[in-house]
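Encoded as structure tokens, the structure appears first; notes follow it.
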């Protein structure tokens with residue numbers, strides 16, 4: 001037991017050394033631009049000023065993912081979060097938090113009615129958390145995406161949302177207000193579906209940039225030991241220290257935070273006011289990656305291998321203040 005304890009202390013010490021490093025100098029200009037986008041708190045604000053985010057996802061099997069995404073959007077600073085989910089998931093998601101507005105409408109008929117109402121209210125959307133892979137849902141997802149694109153709604157697609165679109169990447173080619181957040185396996189699948197071959201080993205930055213270029217400047221966030229972000233014009237890597245702990249659901253925290261930042265960056269900068277290489281989706285992706293990593297680091301400091309995504313969400317306020325002021 002002594003040897004095990006010593007090993008644990010040694011591992012913790014090594015992790016702490018990693019934590020002591022900061023954002024590298026090449027990314028400081030990106031962080032400065034992100035900070036300009038964070039809305040200053042004011043008594044003149046009203047509910048909705050800081051953003052209304054909609055999460056499309058949630059099924060009988062998966063109720064945690066849409067909750068994590070939506071509550072993370074609110075904890076990051078959005079004023080309201082909506083969840084549109086399968087009817088079987090709605091009571092469970094409602095029971096998790098009274099902060100969320102939940103529509104049990106992810107089915108033919110009711111879905112279209114809800115969309116007509118929501119599109120006039122929301123500022124950004126997340127598509128995919130806990131969506132499941134029921135073929136019936138695929139038509140609803142495609143309908144939502146097409147209408148969102150017509151309205152130029154900033155959007156994040158993750159998880160099962162990526163699965164639906166990997167077979168038909170033409171649907172989002174050229175949609176520059178879109179962020180895709182694949183992990184290593186999802187990235188490989190999307191790359192092969194789009195480019196027709198597997199990405200070359202060893203140069204993740206080049207592969208991510210190539211995929212973003214092929215998709216006509218859709219922003220890609222390839223999650224990993226370092227998060228690699230590209231819109232086809234530039235590449236930014238987020239390597240802020242986190243921890244060895246990987247929690248199921250932390251990618252949902254990422255998407256919720258990213259959607260909130262998407263609203264803020266588009267609200268602060270028009271497309272013409274920022275360099276193309278640092279367009280709003282790139283800034284939003286970088287900010288959300290930094291926030292998620294810092295939440296992971298802070299939670300791990302307290303709970304080590306027992307860290308869960310719920311613990312990470314509890315650290316959003318502390319992490320946000322340390323990163324963005």
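Every residue, even glycine, has its Cβ placed from backbone N, Cα and C.
Going by TrEMBL, these are the annotated features:
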| type | residues | note |
| --- | --- | --- |
| BINDING | 130, 183, 184, 185, 186, 187, 188, 189, 252 | (6S)-NADPHX binding site |
| BINDING | 223-227, 242-251 | ATP binding site |
| DOMAIN | 30-323 | domain 'YjeF C-terminal' |
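Classification of residue 227 (ATP binding site) by DSSP places it within a strand. A C-beta separation below 8 Å, combined with a sequence spacing of at least six in one chain, links residue 227 (ATP binding site) to 221, 237, 238, 239, 285, 289, 293. In the structure as shown, the Cβ atom of residue 223 (ATP binding site) sits within 10 Å of 21 other Cβ atoms. Each of the binding-site residues 186, 252 was scored by how many other Cβ atoms lie within 10 Å of its Cβ, and the smallest score goes to 186.
Secondary structure from DSSP puts residue 243 (ATP binding site) in coil. Its own atom aside, the Cβ of residue 249 (ATP binding site) has 20 Cβ atoms within 10 angstroms in the protein chains shown. Neighbour counts of Cβ atoms within 10 Å were compared across the binding-site residues 184, 247; the minimum falls on 184. Distance from the CA of residue 247 (ATP binding site) to the CA of residue 184 ((6S)-NADPHX binding site) is 16 Å. The sparsest Cβ neighbourhood within 10 Å, among the listed binding-site residues (188, 245), is found at 188. In the predicted model, the domain 'YjeF C-terminal' (30-323) shows an average pLDDT of 95. Ranked by CA distance from residue 252 ((6S)-NADPHX binding site), the binding-site residues 223, 225, 243, 245 have 223 at the top as the closest. Of the recorded residues, residue 247 (ATP binding site) and residue 130 ((6S)-NADPHX binding site) place their C-alpha atoms 15 Å from one another. Secondary structure at residue 130 ((6S)-NADPHX binding site), taken from DSSP and collapsed to helix, strand or coil, is coil. Secondary structure at residue 249 (ATP binding site), as computed by DSSP, is coil. Ranking the binding-site residues 130, 251 by how many other Cβ atoms lie within 10 angstroms of each Cβ puts 251 at the bottom.
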